[in-house]
Amino acid sequence: MIDKWRIEENVFSEKTSGKHEALMTLGNGYMGIRAGFEEEYAGQKRGFFIAGTYNRAGLNEVAELPNAADITAFEIIIDNERFSLLKGKIHEYNFTLDMKTGELKRELVWENTGNKKFKMIFRRFVSLENRHLVCSKVSIEALDEDSNVKIKTGVDGRQTNSGVQHFHEMEKRVYDDKFIQYVQRTTESNIDMYLNTFLHINPVLEKSFTIERRKLLAEITGVIRKKEILEIEKISLVYTSVDKEFINKDINIGEYSLDKIRELKDSRYNELFHSSSESWNNFWEKSEINIESSDEFDNFAVNFSLYHMQIMTPFHDNRFSVGAKGLTGEGYKGHVFWDTEIFMLPFFLYTNPETAKQLLEYRYGNLDEARKKAASKNCRGALFPWESAFDGKEETPEFAAINIKTGKANRVWSAEKEIHIVADIAYAVIEYFHVTGDTEFMKSAGLEILAECSEFWVSRAEIDSKTGKYVIKDVIGPDEYTEHIDNNTYTNYMAEYTVSETAKLLESFENKKDKIYLKLAEKLGLEEKIPLFRDFAANIYLPEPAETGIIPQDDTFLSKKIIDISRYADSDSKQGILKDYTRDEVVDMQVLKQADLVMFLYFFKDKFDKDIIRKNWNYYESKTIHDSSLSMAIHAITALYFGEKETAYKCFQKACLIDLGPNPHSSDDGIHAASLGAVWLTCIKGFGGISENGGMLNIEPVLPDNWEKLEFPLVFRKKAFRIKIDKKSVELFSESNDILEIFINKQKYELKDYLRVLY
């Protein structure tokens with residue numbers, strides 16, 4: 001039986017350590033700490049990542065999120081034998097992450113090589129109530145007889161990013177014979193990190209401090225009596241020089257953080273954990289999805305997705321965004337992609353709009369860098385980076401892995417060609433406005449983003465001499481196995497949507513004669529640009545279905561060679577096709593890494609009938625290997641558009657298994673953040689049938705056959721309510737009496753505090 005709130009491991013295995021370190025990561029959006037064990041193992045990869053602390057390790061390196069000093073390790077030596085699950089015997093074992101409370105817990109009975117048994121309990125949490133706080137608790141009970149014990153714990157600055165050291169060691173001191181303070185500074189970005197920690201020890205044992213290279217440790221020695229429980233509580237606070245509370249303030253952060261840790265000297269693990277768990281309760285009250293399904297895994301997988309969406313998102317600071325691995329590992333170097341706006345932002349938009357706004361403000365804060373990038377490509381407007389970090393500069397490496405046949409490094413074209421990110425960000429801004437009606441954001445940031453995105457498309461496109469249409473050449477669409485193509489359908493339609501909607505919004509605000517808008521219009525020269533936007537939207541080439549009903553993914557895709565991809569699509573390993581073919585060879589095949597034309601259908605389903613959607617889904621899915629974690633969920637949602645509930649549900653479950661499946665190394669470098677957002681999309685926008693159209697909420701549910709009920713929260717136009725869907729009806733509950741007009745299965749209704757509609 002699956003507990004929908006718990007990730008559990010009941011058998012210790014080194015083979016799955018990397019995966020569980022990522023899946024069971026603790027965090028709060030400010031920091032993420034991988035679930036490494038307190039004791040050391042050869043394959044273990046500790047990870048402590050703090051949002052926004054990017055650093056470049058060398059001249060030819062891109063910025064990455066550095067692995068900070070570790071505060072979780074405990075070296076435990078009992079009767080001169082170092083505790084390890086690889087030695088002695090394990091009689092009981094349970095390793096659990098409680099996603100409802102955000103606590104990591106490991107319980108075991110260990111018999112050492114001297115045949116003595118010890119009951120051990122390890123607990124840990126990262127506070128959701130105080131974003132700087134991390135707490136650990138270690139309990140050891142001698143079950144057979146007295147034993148000598150030596151325990152070392154403190155701060156270990158020897159951590160690296162796969163061998164790359166990102167920090168200079170600055171200061172390390174012990175204050176008041178109690179408080180450890182360890183300061184490290186990033187080598188290039190000069191960000192200081194202050195790690196402060198102290199211990200509660202019960203019963204009191206002898207304690208001393210030892211300094212080693214890049215380490216400052218407390219050493220505890222003494223005797224554990226038979227049936228006595230030794231408890232060590234470790235309270236830690238972490239601050240950095242880029243924390244928002246210190247910006248433009250004359251504050252000595254070392255002294256400040258030391259004062260804060262001193263304030264906690266009498267605080268204990270349980271009371272601090274209680275405060276954090278209350279914050280988790282508040283989150284789940286606003287976000288929890290309940291699914292009554294014959295397969296309990298469905299609700300478990302959704303909870304897993306929501307848990308990680310919560311711990312990876314920097315609610316505290318709009319200068320930062322969400323990386324492709326969240327704060328769970330080194331994968332993708334902590335960089336921000338289109339994933340955030342397209343796959344993750346909708347969850348917050350419909351549950352916590354303020355966070356969605358902050359994620360868009362991150363893009364606005366980096367708009368000047370996007371302008372510079374556009375100018376460097378001889379374009380106007382804003383070209384956002386494919387991979388972004390702290391300052392909005394392009395972070396995509398120029399070269400990647402070595403070509404297996406030529407021996408040369410593969411060129412990475414994403415930074416230059418994957419320009420659909422401009423439209424992806426614009427789409428998110430437009431959807432945010434439709435869902436929230438937030439005119440103040442649009443005047444302060446949104447309209448400027450849209451105008452600059454539209455200006456980019458007008459300048460990037462060229463006029464075809466034969467047709468007189470605007471065309472967009474030499475791009476990469478969502479599918480990254482198809483490079484240097486012309487008129488990618490997804491890109492062209494998204495560009496048209498961006499520019500046409502921008503023109504409408506600009507004219508709407510212009511008609512209101514708003515003073516803030518008029519200043520923006522003067523700054524950007526919008527009076528002259530709106531007609532250009534109108535012309536572009538009216539004359540861009542938009543591919544249409546051929547006589548066969550198939551929409552061309554781009555100008556040449558349908559003329560390329562077709563191969564049998566079944567062995568690659570059915571494989572657990574990713575990018576297996578690149579072991580048999582070069583990337584240049586794959587480009588000339590009808591082979592897709594992920595949803596591309598199907599991704600287009602996800603956004604523009606209303607332009608085509610079900611038969612066209614079905615034909616294109618079947619055609620392109622048969623060419624798709626699903627090597628991207630983003631792919632399955634989009635195929636699930638679009639299958640619902642032509643009534644394939646069973647197919648959609650199968651794709652949904654495959655999407656859920658990207659991190660939670662049997663592959664022991666699927667998540668070693670971190671969880672797949674966007675796929676978690678896509679799981680929410682499949683539940684709510686897919687099976688729940690939620691969509692918006694120009695500021696109107698639509699509900700057209702299509703529950704899987706084995707789901708009896710789906711219940712979830714929603715916020716739309718500032719009105720919060722819960723929706724309960726079963727096989728016969730849709731119910732909406734709200735504590736507000738404000739009237740919201742909605743459409744349920746294309747019929748218009750008014751929601752005040754309660755509404756039930758049969759279908």
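Quick reminder: no glycine exception, Cβ is built from N, Cα and C everywhere.
Annotation comment: TrEMBL describes Glu480 as active site, proton donor. Over all protein chains present, the Cβ of Glu480 (active site, proton donor) has 19 other Cβ atoms lying within 10 Å.
According to TrEMBL, the substrate binding site annotation covers Trp338, Asp339, Lys593, Gln594. Proximity of Trp338 (substrate binding site) to non-local residues of its own chain (separation of 6 or more, Cβ distance below 8 Å) is seen for Trp386, His420, Ile421, Asp424, Ile425, given in sequence order.
In the predicted model, the domain 'Glycoside hydrolase family 65 N-terminal' (9-241) has a mean pLDDT of 98. Feature annotation from TrEMBL assigns domain 'Glycoside hydrolase family 65 N-terminal' to 9-241.
According to TrEMBL, the feature domain 'Glycoside hydrolase family 65 central catalytic' maps to 304-680.
The domain 'Glycoside hydrolase family 65 C-terminal' feature in TrEMBL is assigned to 693-751. Helix, strand and coil residue tallies for the domain 'Glycoside hydrolase family 65 C-terminal' (693-751), in that order: 0 helix, 38 strand, 21 coil [DSSP].
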Hey, for the substrate site built from Trp338, Asp339, Lys593, Gln594, who else sits with CB inside 8 A of the CB center?
Phe337, Pro478, Glu480, Ser628, Leu630, Ser631, Ala674
Integer Cα-Cα distance in angstrom, Gln594 (substrate binding site) to Glu480 (active site, proton donor):
8
Lys593 (substrate binding site) CB neighbourhood, other CB atoms within 10 A:
22
Measuring Cα to Cα, how many angstrom lie between Asp339 (substrate binding site) and Glu480 (active site, proton donor)?
14
Residues Trp338, Asp339, Lys593, Gln594 binding substrate per the record - widest CA separation, whole Å:
16
Whose Cβ, among the binding-site residues Asp339, Gln594, has more other Cβ atoms within 10 Å than any of the rest?
Asp339
Using DSSP and three states only, what is Asp339 (substrate binding site)?
helix
